[in-house]
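Colleague: One structure, pasted below without further comment.
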Amino acid sequence: MLPRLICINDYEQHAKSVLPKSIYDYYRSGANDEETLADNIAAFSRWKLYPRMLRNVAETDLSTSVLGQRVSMPICVGATAMQRMAHVDGELATVRACQSLGTGMMLSSWATSSIEEVAEAGPEALRWLQLYIYKDREVTKKLVRQAEKMGYKAIFVTVDTPYLGNRLDDVRNRFKLPPQLRMKNFETSTLSFSPEENFGDDSGLAAYVAKAIDPSISWEDIKWLRRLTSLPIVAKGILRGDDAREAVKHGLNGILVSNHGARQLDGVPATIDVLPEIVEAVEGKVEVFLDGGVRKGTDVLKALALGAKAVFVGRPIVWGLAFQGEKGVQDVLEILKEEFRLAMALSGCQNVKVIDKTLVRKNPLAVSKI
């Protein structure tokens, strides 16, 4: 009999008990000493809610839009690689859950299901593609063309990964894909991270990135990508106001404030703490989103109050997959949705339009752990 899980932490604890250690460690871990990993979550507690009273919250409307597309709630699924390690259906289960709830899914380029397979599994789902810039630009171009062909609505280009962060658990575990899996969007065994290939004795993924991803990428490559497609493009991994302004200058359509789940450079700020700087920098010219550390409905409310249009969740989704596949993902999203609805109501917000910065203040006594 399956246990009763009622919050995101419950799902993680269950996943830890059922997933192979190397797979759980891959999903859970951050870079180096994991200071930023802890701070991504802890930082939300430094921001306190100041609710409004007597605002008639008998009915609440959670719906909003992301890059012009309607979603049932400002909680979307972020790019999480290789989801079939958590459940046999992987990304297909995730997109079906998103379709059921009316929210969006960002598909990782490193998915264990292809762009086409995910589109076929969730034909009515709002889908976006996360993109890396490969040394072979034709590989990148092909991914973009596949996304366009299959009805994906935007490209989220990752800008924080010229090399892979130093993830100690992956080094200790000599992380590789299980033998039956590969990255399905690539044809060659090297690009598909096939277990048949030799990726060394440390983190296989770090070796993969060193072989395949271009560390020389610059704003010139963003210009190239902007010319390549008419789809909206969002810069994923921005943590500075000047970089955000540069992204706007280069014609990008959004900023995803992200530290890659604290998996790249340890010691960077929690995303919720830098969100106000990014929002101020773009001056309303593009939409701003956030990922990193979102585990509760109050986290969503705080992010929106500080200017995010929506948040993206990653690890909670794979914990849901590990529990019960599509139903597990749906349950995780339903929990976050209901927690967010309750937080809105208890803060006097009938809809997301009335959520603003007057709802939150940073605790003056709080000190970052970094």
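Cβ atoms are placed via backbone N, Cα and C, with glycine included.
Remember, it's a predicted structure, so these values are computed and weren't measured experimentally.
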Colleague: Which candidate from Arg167, Arg226, Arg227 does Swiss-Prot annotate alongside Tyr26, Tyr132, His260, Arg263 at the glyoxylate binding site?
Modeller: Arg167
Colleague: Swiss-Prot annotates one residue of Ser72, Ser108, Ser203, Ser230 as phosphoserine; which residue is it?
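Modeller: Record annotation (Swiss-Prot, phosphoserine): Ser230.
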Colleague: Give me the Cα-Cα distance between Tyr132 (glyoxylate binding site) and Ala81 (FMN binding site), rounded to a whole Å.
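Modeller: About 12 Å separates the two Cα atoms.
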Colleague: List the recorded positions among Tyr26, Arg167, Ser194, His260, Arg263 whose C-alpha is within 10 Å of the C-alpha of Asp291 (FMN binding site), in sequence order, or say none.
Modeller: His260
Colleague: What whole-number distance in angstrom separates the two most remote CA atoms of the glyoxylate-binding residues Tyr26, Tyr132, Arg167, His260, Arg263?
Modeller: 19
Colleague: So what's the mean pLDDT when you look at the domain 'FMN hydroxy acid dehydrogenase' (1-365)?
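Modeller: Its mean pLDDT is 98.
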